[in-house]
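**Student:** Quick one: the structure is below, and I'll ask about it shortly.
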Amino acid sequence: MDYDYAHYMLTEGRKIKENQTVFSPARDAYRMQLAEALNMNRTRILAFKNKLPTPVELFPSDHTTSVHPVKPLKPRRHIPQIVLPQNLLPLMITSVSWAPDGRHIAIGLNNSELRTLRGCHRSRVGSMAWNSHILTTGGMDGMIVNNDVRIRSHVVKTYRGHRQEVCGLKWSASGQQLASGGNDNLVHIWDMSKASSNSPTQRIHRLEDHTSAVKALAWCPFQSNLLASGGGGGDRTIKFWNTRTGACLNSVDTGSQVCALLWNKNERELLSTHGFTQNQLILWKYPSMVKMAEIMGHTSRVLHIKARMVAQWLQLQGMRH
C-alpha cells in the first residue's frame with residue numbers, strides 16, 4: 001500500500017476547497033501537469049503487482065541509458081611523418097664512432113660539423129677513427145683532420161691527398177700509421193713519426209690499384225705492416241698491402257662490392273661484408289684466402305661490422321642501409 005499517496009488523496013480535497021478564493025488558470029494548469037507527472041490521476045490506493053512500479057523522474061538524469069546504445073567513438077589515430085623538414089636535414093647523422101676508452105662518442109653531421117667540434121670540414125663528415133685522445137675525421141671535401149678532443153682549439157693536424165670524399169679511415173694498432181680510402185679509388189698511408197716542417201703531409205704511400213671507391217680498411221693484428229683494403233662495386237676485390245714498401249701482396253676477386261673488413265684477433269682469418277650483388281658475409285682463411293663460410297640473408301649492403309669475443313664465439317653486428 002502506498003501510504004504517501006493515500007495521505008495526499010485524503011487531504012488534497014480539503015486544501016483545494018480552502019484555496020478556492022484565489023483562482024489562477026496558470027496555477028491550475030501547473031497543478032494538473034504536476035498531478036499527471038506524479039501519477040496522481042489514478043484512483044487505486046492499494047495495488048497488487050509482481051514487481052515494484054518504475055519510479056517517475058521529474059528531471060532527466062545524465063546517467064540514464066538510451067534505448068538505442070550509443071556507438072563508442074573510434075579513437076583518432078595519429079601517424080607521425082618521417083619526412084624531415086628542410087631545416088633539419090643538416091642535422092642528419094652521417095657517421096658515429098666510440099673512443100677506445102668508451103667514454104666519448106663522436107657524431108658526424110650532414111652539415112659538415114662534428115658535435116661540439118666545429119670548423120673541421122666544409123662539407124659532410126663521412127668517416128671517423130679514434131687514436132687515443134685524437135679523433136681523426138674525413139670529409140666530403142677530401143680533407144682529413146686530427147682533432148684533439150681535450151682542448152678547445154681541437155684541430156691539430158690536417159692531411160691533404162684525396163681529390164674526392166674520404167670514405168674510410170683506420171689507425172694501426174701502434175697509433176703511428178693511418179690508412180685512408182677515398183671515393184677517388186685511392187688508398188693513402190700516413191705516418192705520424194714522419195711529421196716535420198719539411199713534410200707536412202706525412203704521406204708515405206699512395207696506392208692506386210683499386211678501380212672503385214675504397215671504404216673498407218683493416219690492419220692485421222698479428223702483422224703490424226699488413227693492411228687489407230676493399231673496393232666498391234666497380235672493383236669488388238680485397239687487396240693486401242705491405243705498408244713499409246707500398247707493395248700489393250695479393251688481390252682476391254670477391255664478386256661483390258666490399259663494404260667492411262674485420263680481422264679475427266685469435267685466428268688467421270678475415271671477415272668481409274658485401275653489397276651488390278649478394279649482400280653476403282664471407283669468412284676467409286689467411287693467407288690462402290679460401291672461403292671458410294659464407295653467410296647470406298641481408299637484403300641490402302652491410303656497411304658496418306663490429307666484433308665481440310665471448311668464449312669461442314665471434315658475435316657480429318652489421319648495419320643495413
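The backbone N, Cα and C atoms fix where each Cβ goes, glycine too.
So TrEMBL lists the following for this protein:
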type	residues	note
DOMAIN	92-306	domain 'CDC20/Fizzy WD40'
REPEAT	159-200	repeat 'WD'
REPEAT	207-251	repeat 'WD'
**Student:** Give the nonlocal contacts of the repeat 'WD' (159-200) in its own chain as ranges (CB under 8 Å, at least six residues past its ends).
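**Tutor:** Tertiary neighbours of the repeat 'WD' (159-200) are 126-132, 136-146, 206-208, 210-219, 221, 224, 227, 229, 231, 235, 241, 243, 246.
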**Student:** Just to confirm my parser: what is the rounded mean pLDDT across the domain 'CDC20/Fizzy WD40' (92-306)?
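**Tutor:** Averaged over the domain 'CDC20/Fizzy WD40' (92-306), the predicted model reaches a pLDDT of 88.
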